[in-house]
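Visitor: So TrEMBL has the following annotated:
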TRANSMEM  18-38  transmembrane segment
DOMAIN    28-473  domain 'Major facilitator superfamily (MFS) profile'
TRANSMEM  71-90  transmembrane segment
TRANSMEM  102-120  transmembrane segment
TRANSMEM  132-153  transmembrane segment
TRANSMEM  160-181  transmembrane segment
TRANSMEM  193-215  transmembrane segment
TRANSMEM  281-308  transmembrane segment
TRANSMEM  320-339  transmembrane segment
TRANSMEM  351-373  transmembrane segment
TRANSMEM  379-407  transmembrane segment
TRANSMEM  419-442  transmembrane segment
TRANSMEM  448-469  transmembrane segment
Amino acid sequence: MVFVMHVTPAGGRGWNTFLLLICVSVTMGTTIPVGYFFGVLNAPAELIKRWCEDILASEYDTIVSPSQLDILWTSIVSIYLIGGICGSCFSALCSDKYGRKGCLMISGAVLVVCGMLFTWCRAANSLEMLMVGRFLGGIASALIFTAQPMYLLELAPSELSGSVGVFTCIGVTGGILLAQVMTLSQLLGNEDLWPYALSFYTLLVVASLLPMWWFPESPRWLYLHKRDSAASELALRRIRGHGAEEEVQRELLQMKNTLEAQAQASSKDSSLCQVLGDRELFLPLLLVCSFQATQQLSGINAIFFYSLSILTEAGFSPGAATWLNLGIGGFNLCTSLLGPLLIQKFPRRPLMMLSCAVCALSLLAMSIGLYFLESSESTVLTYFCAAFILSFILGFQIGLGPIAYFIGSELLEDSPRPVAMSMGSLFSWIGNFLVGMCFPLLQGVWSSFAFMPCMCVCIYCLLLTWRYLPETRGREPKDVKPLMSHGLRSKLD
């Protein structure tokens with residue numbers, strides 16, 4: 001990350017050492033564990049299934065058929081997503097009541113509890129501990145997806161809003177790769193150590209919680225929600241560093257003006273019903289929820305959930321598919337590291353449209369390649385399919401991956417922002433759940449063309465971006481609000 005950022009030792013409008021430390025530490029203890037949850041069950045799946053079968057036989061005197069065991073396994077995987085959906089329903093309330101940092105501290109504590117449940121579930125012969133750990137992990141992840149982007153964006157100067165926003169995507173992709181590495185059979189993904197593979201992320205959470213306690217709360221939350229201008233000023237001085245007095249006063253004046261505008265409009269923290277009933281917020285809500293849903297329904301999770309079977313279907317041996325899958329995870333992380341540079345240098349609209357177009361074309365080409373590979377053993381087609389998996393990941397990480405996480409903070413003002421972010425998180429978890437449940441069925445019916453619905457979703461997002469997304473780079477939410485105030489009749493010019 002530091003290779004694409006210029007870190008300044010003193011105050012100013014760019015990066016400084018303290019802000020970078022906050023971004024890295026918070027990402028390490030929040031979104032990396034979320035990515036770890038997404039990827040940790042793939043490799044040790046058969047080991048955990050056998051353990052579940054033994055527990056049912058020994059503790060419940062129940063012998064299950066292979067199909068029943070598959071249903072149980074689907075429940076273990078999907079209960080994490082159900083927890084995410086439930087957590088999204090109250091994540092905005094938690095973020096407003098306890099603060100951005102406070103919400104992240106709560107999620108960190110919950111993740112530590114989950115790690116303890118994973119570590120001791122086999123020793124306790126408790127399938128329930130595994131299920132509860134997955135469910136609570138989903139709730140914690142939903143809190144993180146709502147609070148972490150807002151926390152970093154509200155700490156950073158407006159010029160860096162895009163650069164800090166991509167830390168969410170970097171953390172998730174890094175967590176997926178870490179899970180792929182730690183669940184290798186040579187490390188923790190074996191018969192003896194798989195509980196420790198599930199809970200390994202806890203080390204990162206504990207290491208992050210210690211410095212996070214010392215980090216300041218969001219200055220905007222302190223000023224606009226707690227009405228504590230003194231604490232907000234102190235937090236700003238810590239974040240901006242020495243020699244940034246003028247910048248601190250300017251940001252305090254902006255927050256004062258925002259607070260006065262809210263008072264004149266008799267506006268307090270927006271509730272869900274108020275946000276949904278405000279016609280001026282319909283379009284930004286549509287954009288936030290559509291981007292978050294598209295991010296999951298685009299096919300990225302289908303590729304990582306079922307990458308081993310896809311690569312095996314493409315003609316690779318199981319051993320080669322395992323290592324190639326690890327290489328794809330590494331490529332995913334490397335391309336996500338381009339995010340800070342791209343977001344800082346290029347506008348959001350063209351990046352998002354290019355991302356959707358590349359993803360749609362890659363999915364189409366990969367589907368055609370897999371179709372012809374079914375009737376041919378061509379080595380060229382095998383590598384052709386692998387290449388388009390990589391091109392899809394590249395396209396995803398230049399737009400859909402990072403922008404969907406933070407676009408809500410650039411489109412919406414402070415009052416409706418937490419509700420909008422939690423709604424976006426809700427649509428993200430629902431999309432993730434639909435992929436996990438429906439993609440295997442599509443594979444069984446449509447075979448190589450199972451990615452066609454994903455391609456259609458990418459095209460929908462491309463058209464939505466082209467028609468309705470205003471450019472937010474270098475602009476405040478109050479500047480783009482008039483461009484979206486007429487709903488679907490809004491015009492960008």
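Note: Cβ is positioned from N, Cα and C throughout, glycine not excepted.
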Visitor: Please identify the stretch among 18-38, 132-153, 193-215 with the greatest number of Cβ pairs below 8 Å relative to the transmembrane segment (419-442).
Guide: 132-153
Visitor: Do the transmembrane segment (193-215) and the transmembrane segment (102-120) come close, with at least three CB pairs under 8 A (pairs 6 or more apart in sequence)?
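Guide: With 3 or more qualifying Cβ pairs, these stretches touch.
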Visitor: Under 8 angstroms for C-beta pairs, at least 3 of them, ignoring pairs fewer than 6 apart in sequence. Is the transmembrane segment (448-469) in contact with the transmembrane segment (102-120) by that rule?
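Guide: Contact between the transmembrane segment (448-469) and the transmembrane segment (102-120): absent.
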Visitor: Taking pairs 6 or more apart in sequence, does the count of Cβ pairs under 8 Å between the transmembrane segment (18-38) and the transmembrane segment (320-339) hit 3 or more?
Guide: no
Visitor: Out of 71-90, 102-120, 160-181, 320-339, what stretch is closest in contact terms to the transmembrane segment (281-308), meaning most Cβ pairs under 8 angstroms?
Guide: 320-339
Visitor: Please work out the mean pLDDT for the residues of the domain 'Major facilitator superfamily (MFS) profile' (28-473).
Guide: 86
Visitor: Do the transmembrane segment (160-181) and the transmembrane segment (71-90) share at least 3 Cβ pairs under 8 Å, sequence separation 6 or more?
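Guide: With fewer than 3 qualifying Cβ pairs, these stretches do not touch.
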Visitor: So if I exclude everything within five residues of the ends of the transmembrane segment (320-339), which remaining residues of that chain have a CB under 8 angstroms from its CBs? That is, six or more out.
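Guide: Tertiary neighbours of the transmembrane segment (320-339) are 1, 3-4, 39, 43, 166, 169-170, 173-174, 176-177, 180-181, 184, 303-304, 307-308, 311-312, 386, 389-390, 393-394, 397-398, 401-402.
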Visitor: So which residues does the transmembrane segment (379-407) touch in its own chain, when a touch means Cβ under 8 Å and the partner is 6 or more beyond its ends?
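Guide: That would be 145, 149, 153, 161-162, 164-166, 168-170, 173, 287-288, 291-292, 294-295, 298-300, 303, 307, 310-311, 314-316, 324, 328, 331-332, 335-336, 338-339, 342-343, 348, 351-359, 362-363, 365-366, 369-370, 372-373, 424, 428, 458, 461, 469, 472.
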